[in-house]
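All remarks here apply to the structure that follows.
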Amino acid sequence: MKHISAVYNPAFTNIASKLNQTELLKDAAQSLNIQLDFFTCFDINTNQDKTKLPFKSNTILFLDKNIALAQWLESVGLRVINSSIAINNADNKALSHAVLAQHPTIKQIPTLIGPQNFRLAWYPEKLEQFIEQIKRCFQFPVIVKSIYGSFGDYVFLCKDEQKLRQTLSGLTEQIIVQQYIATSNSEAVRVIVVNNQVVGALHTQNEGDFRSNLNKGAVGEPYQLSQEETKLAITISQAMQLFYCGIDFLFDQDRSLIFCEVNSNVQLTKSSMYLKTNLAIQLLASIA
C-alpha cells in the first residue's frame, strides 16, 4: 500500500472547509487504497533529527501555508506538494502578478502593487499621492485586496474616491489595486489543475455580492473550457510551479478569460460537489 502524509494547520480560520476537505481526502485515499496519514503542524519538531519525524512517506501533501515549515521539510529531503516557492508565489497576490507578468501571453486584470509597509493613514500626504496614482491608473470602481486572504476575505469594492480613501485608511497590510471588471458581473471561472492537467472547471456567479466565491454565496455549474482556455490554465500553473491549484478567471468585454488570482491550497469540497466528482481522487492519484 502506498503512503502519503498530509500536514495541516488545526487553527485554520475556516474550520468547516478544513474538515470537509479532510473528509474528501480520506474518501479519495480509501477508494485508491492509499494510506493517507494526517499530521498537524504541531506534530513537526524542526529542532530534532529528521529520522525522528513521524512520517511514513517521503511525500508530503502540504495543506498549510507555513512557507518556512514547507521549506524546512524540503531541506531534509522530503517531497512537498505544493513546494514552498509555489505556495509563496501563489499565496501572495502581488507576487502572483509579478511572476505572471514575465509571461506576456497571460492576460491579467490591470493591477497596481501597493507599497510593502502599508500604514499610509499615518502619512496623509503619502496617502493622497497613492490615491492620485490609483486615479491615474484606473477608473472607478476599483478593487482593493490584501495580498493575503482566501475565500473572498479582505477584498473591497471602491466605487468612488471617498470609499477608496476610507478603505485605504483602515488597512495596515500590503495591498494590490485592480480595475473592477464590470463585464464579469459577479461571475468567474474556477479551473482546477493537477499535475499539468485540468481536472475540472466551474462557472460561479453570485447574485448578492460582487465576489464570486462559493464561500460568499455564489453558486456553481460545470464549465466547458476551450482548448485555448485549457492551455492558458496549464501555462499559469506551470509558470507558478504549482503541482495542483485553483485558478480564478474573470470575463473581459469579449467574454475571454482574464486571470484574476491563483490558489495553491485550493479547497476542493464545493467544486467537487458542483462537478459531481471527488477531485481529491485525481490529486492523490497523481501524487502517489
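Here the Cβ of each residue, glycine as well, is placed from N, Cα and C on the backbone.
As written in Swiss-Prot, here are the features:
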- Lys145, Gln178, Gln179, Tyr180, Ile181, Ala182, Thr183, Ser184, Asn185, Ser186, Glu187, Ala188: ATP binding site (BINDING)
- Asp248, Glu261: Mg(2+) 1 binding site (BINDING)
- Asp248, Glu261: Mn(2+) 1 binding site (BINDING)
- Glu261, Asn263: Mn(2+) 2 binding site (BINDING)
- Glu261, Asn263: Mg(2+) 2 binding site (BINDING)
- 107-288: domain 'ATP-grasp' (DOMAIN)
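Where Swiss-Prot records a feature, it is marked here on the structure.
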residue: Lys145; record: ATP binding site; contacts (Cβ under 8 Å, 6+ apart): Lys93, Tyr154, Val155, Phe156, Ile175, Ile176, Val177, Gln178
residue: Gln179; record: ATP binding site; contacts (Cβ under 8 Å, 6+ apart): Ile109, Pro110, Phe138, Gln139, Val142, Ile143
residue: Ile181; record: ATP binding site; contacts (Cβ under 8 Å, 6+ apart): Ile109, Leu250, Phe251, Asp252, Ile258
residue: Thr183; record: ATP binding site; contacts (Cβ under 8 Å, 6+ apart): Phe251, Asp252, Gln253, Arg255
residue: Asn185; record: ATP binding site; contacts (Cβ under 8 Å, 6+ apart): Gln205, Phe251
residue: Glu261; record: Mg(2+) 1 binding site; contacts (Cβ under 8 Å, 6+ apart): Lys93, Ser96, Ile247, Asp248
residue: Asn263; record: Mn(2+) 2 binding site; contacts (Cβ under 8 Å, 6+ apart): Ala90, Ser150, Cys245, Gly246, Ile247, Asp248
Task: Report, as a single number, how many Cβ atoms besides its own are within 10 Å of the Cβ of Glu187 (ATP binding site).
output: 16
- request: Indicate whether Thr183 (ATP binding site) is helix, strand or coil by DSSP.
  value: helix
Statement: In all the protein chains shown, the tally of other Cβ atoms within 10 Å of the Cβ of Asp248 (Mg(2+) 1 binding site) is 18
Task: Sort Lys145 (ATP binding site) into helix, strand or coil using the DSSP assignment.
output: strand
Field: Average model confidence [pLDDT] within the domain 'ATP-grasp' (107-288)
entry: 90
